[in-house]
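Trainee: Okay, here's the structure, questions in a sec.
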């Protein structure tokens, strides 16, 4: 639990570093801070410890998710050099808020008490509302922030209702108490309140991970937010949300699987179908990525629906593969859209921005291609093994019809992921060579290499968890 | 865990809720039906201390007012936490004292940040 304390202190330190004359120190300082927290998260490896009066539990699984979240944050921050050129940007505050939001994410990953889950969700969400609206002069950014805030507050309220009902039936917020209550005492208590509580709690978290039918905020918010924070949102928030769901469902509520299994199955199917078919009709790349992130929430939900020992591995691997590929894709979009839009013009985030990109920029083209292949789940990329493991969990559980839907939908997804590749390699465009800062390039290359290495040697991560 | 509570124990709460809602609805309906109505141009205007109404209420207001207001609420609420701590000061002992110092340290570093940021400067 060292990372929680460290990141809180570092966040405050960053706020004061912002008063320094040169802003150049902020980026390396933030990267150093996240790297330290990353290292510190492994202190508890191999031990099961309760922290802070039994509020948080550290296990290998929670450390793995923490590491993924911190790695994603590290990569997103390292792509953020454009802040330092922008006059109206407040880099110190952005970085500090990002570090604080990581504290919330880690709380969501390793909670043992439902209060910690709520506090974690709130820390993460409030930070995201602010970051979404951080482009203050942009109307779309403001609109996105307001929408996200209003809908997010409603979701939080619903979640709180759920927590209250769970407490009302079981008399405890502690996960292990809930587990023994669900496994033993359901017949004597009032299962209706328990079911309602769990349902409302699920709705709250499913909203945060943007699963359909609670996904309506996602495209607008992802499109309106600055691209960098979209990348942050679609990786960190999603990973943390699924870690929280896994902890809840695989530990406390296995006893009433017959109740929530059906609900999750329905949500999974709706998510997969709606997101993949809507993504096909998008003309904006960024909006397509928003729907793509919804569809990946659907694949992750399959592993939860078929909850078992293997779903833990599957979720960890899938989150890692998804995060790395998504950040690489957004990283390329960031440089390309900035290059395509001249002074004063709005940034071009449509597919057309990628036309003919690969001629003059073979490296960017290759990075984007690998990211798209990984998201589509083509073999020799990490995304393939992620999907493979997720589908295996469903097959082992015997939910074959869900598997069929998922495979069909991932065939649909190939269409919209390949549109980018076709635009880059086969369309004509006037894209000149784009100059990419060395560090920025290294991070994108590292993401690509990681995607390919995990695609060839998936056991590197699988054997750890 | 207390299994003695069953849903019917919450019945008084529901009765209270229905009574409260019923009172409001009934009084609103009765006042509309019983009370006399004399409408005029002046009477339908929004009341503002007797001054004639001028312009739109949604005029731009300097952000400073909001900042001061929100900072006031923030520090006001934080100070409330000191009351239960002060009441239980002896029982909480040294640990409680250190925790309060940590809390106040974080709060004051935030205050210092606000001042350095120039939020309280009122040209």
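In case you wondered, yes, glycine gets a Cβ from its N, Cα and C as well.
What TrEMBL records for this protein is below:
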| type | residues | note |
| --- | --- | --- |
| DOMAIN | A:113-411 | domain 'NADH:quinone oxidoreductase/Mrp antiporter transmembrane' |
| TRANSMEM | A:30-49 | transmembrane segment |
| TRANSMEM | A:61-82 | transmembrane segment |
| TRANSMEM | A:94-127 | transmembrane segment |
| TRANSMEM | A:148-168 | transmembrane segment |
| TRANSMEM | A:188-207 | transmembrane segment |
| TRANSMEM | A:228-249 | transmembrane segment |
| TRANSMEM | A:255-277 | transmembrane segment |
| TRANSMEM | A:289-309 | transmembrane segment |
| TRANSMEM | A:315-336 | transmembrane segment |
| TRANSMEM | A:363-386 | transmembrane segment |
| TRANSMEM | A:398-418 | transmembrane segment |
| TRANSMEM | A:439-461 | transmembrane segment |
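Situate these features within the shown structure.
Mentor: Here the transmembrane segment (A:30-49) has long-range neighbours at 1-3, 6-7, 10, 13-14, 57-60, 63, 66-67, 70-71, 73-74, 77-78, 95, 98-99, 102, 106, meaning same-chain residues at least 6 beyond its ends whose C-beta is under 8 angstroms from one of its own.
Same-chain residues lying 6+ beyond the ends of the transmembrane segment (A:61-82) with a Cβ under 8 Å from its Cβ atoms: 3, 27, 30-31, 34-35, 37-38, 41-42, 44-45, 91, 94-95, 98, 102, 105-106, 109-110, 228, 231-232, 235-236, 239-240, 243, 246-247, 312, 316, 319-320, 323-324, 327, 330-331, 334, 338, 437, 439-440, 443-444, 446-447, 464-465.
Sequence-distant contacts of the transmembrane segment (A:188-207) (same chain, at least 6 residues past either end, Cβ-Cβ under 8 Å): 121, 151-152, 155-156, 158-170, 181-182, 214, 241, 244-245, 248, 253, 256, 259-260, 263-264, 267.
Same-chain neighbours of the transmembrane segment (A:228-249): 61-62, 65, 68-69, 72-73, 76, 79-80, 82, 98, 101-102, 104-106, 108-111, 117, 120-121, 124, 128, 131-132, 134, 175, 201-202, 205-206, 208-210, 221-222, 260, 264, 286, 289-290, 293, 296-297, 300, 304, 307, 311-312, 315, 319, 322-323, 326-327, 330-331, 334, counting only residues six or more beyond its ends whose CB sits under 8 Å from a CB of the stretch.
For the transmembrane segment (A:255-277), the list of distant contacts is 179, 182-183, 186, 191, 194-195, 198-199, 202, 206, 211-213, 215, 249, 291-292, 294-295, 297-299, 301-302, 304-305, 307, 399, 402, 405-406, 409-410, 412-413: same-chain residues at least six beyond its ends, Cβ to Cβ under 8 Å.
Within its own chain, the transmembrane segment (A:289-309) is flanked in space by residues 209-212, 215, 218-219, 221-223, 230, 234, 238, 242, 245-246, 249-250, 254, 257, 261, 264-265, 267-268, 271-272, 274-276, 278-279, 282, 315, 318-319, 322, 326, 329-330, 333, 375, 386-387, 389-391, 393-394, 396-397, 399, 402-403, 406, 409-410, 413, 416-417, which lie at least six positions past its ends and keep a Cβ under 8 Å from the stretch.
A Cβ distance under 8 Å defines the sequence-distant neighbours of the transmembrane segment (A:315-336), meaning residues of its chain 6+ beyond its ends; these are 61, 64-65, 68, 71-72, 75-76, 79, 82, 227-228, 230-231, 234-236, 238-239, 242-243, 246, 285-286, 289, 293, 296, 299-300, 303-304, 349, 353-354, 357, 364, 367-368, 370-372, 374-375, 381-383, 385-387, 389-390, 431, 434, 436, 440, 443-444, 447-448, 450-451, 454, 458, 461-462, 465.
Sequence-remote contacts of a segment are chain residues at least 6 beyond its ends whose Cβ falls under 8 Å from one of its Cβ atoms, and for the transmembrane segment (A:398-418) they are 265, 268-269, 272-273, 276-277, 279-280, 282, 288, 292, 295, 298-299, 302, 305-306, 372-373, 375-378, 387, 390-391.
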Trainee: Can you tell me which parts of the same chain pack against the transmembrane segment (A:94-127), counting only residues 6+ beyond its ends and a CB-CB cutoff under 8 A?
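Mentor: Tertiary neighbours of the transmembrane segment (A:94-127) are 1, 3-4, 7-8, 10-12, 14-15, 18, 26-27, 30, 33-34, 37, 41, 50, 54-59, 62, 65-66, 69-70, 73, 76-77, 80, 83, 134, 152, 156, 159-160, 163, 166-167, 173-176, 178, 204-205, 208, 232, 236-237, 239-241, 243-244, 247-248.
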